[in-house]
Amino acid sequence: MEQLQCHVKQYAWGKYGEESEVARLFADGHDGFQIDNKKPYAELWMGTHPDGPAQLKKCSTRLSTYLAKHPSPLTNNNSAKNIHLPFIMKVMSIRTTLSLQVHPTKEQARELHENDPVNYPDRNHKPELAYALTRFELLCGFRPAREILKNLQTFPSFRLLFGGDTYTKPLEYCILQMKNLDSVNQDSPEYNYSREYLEKCFRFMMTIDTTIVHELVSQLLKELDNGLRGAVEEVTVGVIRKMSIDFPNDIGIFSPLFLNHMILEPGQCCYYAAGELHAYLSGECVECVGCSNNTIRAAMTPKYIDRDALCKTLNYKMTEQSDYLVPEMKLTECVDMYAPDCKDFQLHRIRVGVDQSEEEMMLPTLDCASILVVTSGKGTIEEATTKNQLIGQYEVKRGDIFYIPPNHNIRFLSCSEPLEGYRTFSYEMGPDHDTRVVTPVSATVSTNVSTLNEKMLKLDADMEEAVV
């Protein structure tokens, strides 16, 4: 095991100072770091991605460099200078809505990178999983067809945004031809025709003149004031109103009318792959993503919006919220697994009490690399080979982050306080980022403990620069 020094991202949408779990957790695990209550702390990155590379605490060597120099299944007998993990694990603290966005498939990412390496800096995809640490809200995926239909029939402003009768009537007709709107057959011709017409409506929306958008936003807010609701619940009305304050006259204010508004309680988990339009709204989570920073934005951002790439990348699936939930699977008394249909990452939640038996405190031995972050508690960890030859014992506490090599036995010997942690792993090879050009900006907190409060590591190519 190697203890890691990691990176905090200070995006404008993050929670400020002590209000941010990212800031508090980072401070607990990085000596010398002091929280500034006037600054936002949005994301804690744990991985090898060049925009926020972890370093070994003992020597400041990048984890990716360390992996390349130490033979394991990850090196695959090649001579690369850096070996990347296929995932980034993050902790996120969200104060206000992130940009409405989608991520490409690997094939789409390669094409985007070749055509526009500035806005699409790597060739990898970016599937995402979010595990709620607190109540966590997000928009994710197009609403079920019946709900889109109801909102089109309820809100005149939304109908106009989607192209008026010219575009919405064919969509409504196809939806109404579905035999059972409460249990849609996604292989039916009617459903696939509906997706085609939904795409046409969406493309129309993305080309509307901004002055018309301003008028339609004003009309929508009046419709809500007059009590129109359609398939929109009251809690979602609050989201729309907040968006109208945070992003005045932005087309994204309409997004809760056609996207699922999901509310995760602590311990719930969701996953979405490429092609799913989404936006995080509020709360704190553990996030697992593919080792990429490729993002195609749609709204609620001052950054580049690539409308053509956006419309081509979306899958236009209309589906239930439950389709995005990842069930909890109990592995041992202390370990639960969240395993989406994704090879880039799996997540273990670890909870060890003060009175657990020796057998219960053993973590699953993995044939792949992993990263562990301790989010609460204190304890003692023992590391051994698969033949139970002792490697070392370590005192661990909240904020500590570790790289765990493949085929190492890890168990807790004791816990002086109930301990909780999260371990992300994958059996895949990571992407090649050695040719990636990193754009220097100044929104990353350096983890060099001697200069934590003076120096900003300029590695972030995807800063959300919205004015607070």
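Cβ atoms are placed via backbone N, Cα and C, with glycine included.
Remember, it's a predicted structure, so these values are computed and weren't measured experimentally.
According to TrEMBL, the domain 'Phosphomannose isomerase type I catalytic' annotation covers 3-144. Helix, strand and coil counts from DSSP across the domain 'Phosphomannose isomerase type I catalytic' (3-144) read 29 helix, 42 strand, 71 coil.
Long-range Cβ proximity for HIS278 (Zn(2+) binding site), meaning a same-chain Cβ under 8 A and a gap of 6 or more residues, is found for LEU100, GLN101, VAL102, GLU128, LEU138, LEU139, CYS140, GLY141, LEU259, TYR272. According to TrEMBL, the feature Zn(2+) binding site maps to GLN101, HIS103, GLU128, HIS278.
Residues or ranges marked as domain 'Phosphomannose isomerase type I helical insertion' in TrEMBL: 192-259. The average pLDDT computed over the domain 'Phosphomannose isomerase type I helical insertion' (192-259) stands at 98.
ARG297 (active site) has a Cβ environment of 23 other Cβ atoms inside 10 Å. If you look up TrEMBL, you'll see ARG297 marked as active site.
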Discussion item. Let's check the environment of GLU128 (Zn(2+) binding site): how many other CB atoms sit within 10 Å of its CB?
Written reply: 24
Worksheet entry | Whole-number Å value for how far HIS103 (Zn(2+) binding site) lies from ARG297 (active site) (Cα to Cα) | 9
Worksheet item: Out of these binding-site residues, GLN101, HIS103, which one has the fewest other C-beta atoms within 10 Å of its own C-beta?
Response: GLN101
Worksheet item: So which other residues, same chain and not among GLN101, HIS103, GLU128, HIS278, have a Cβ within 8 Å of the centroid of the Cβ atoms at the Zn(2+) site?
Response: VAL102, LYS126, TYR272, GLU276, LEU277, THR295
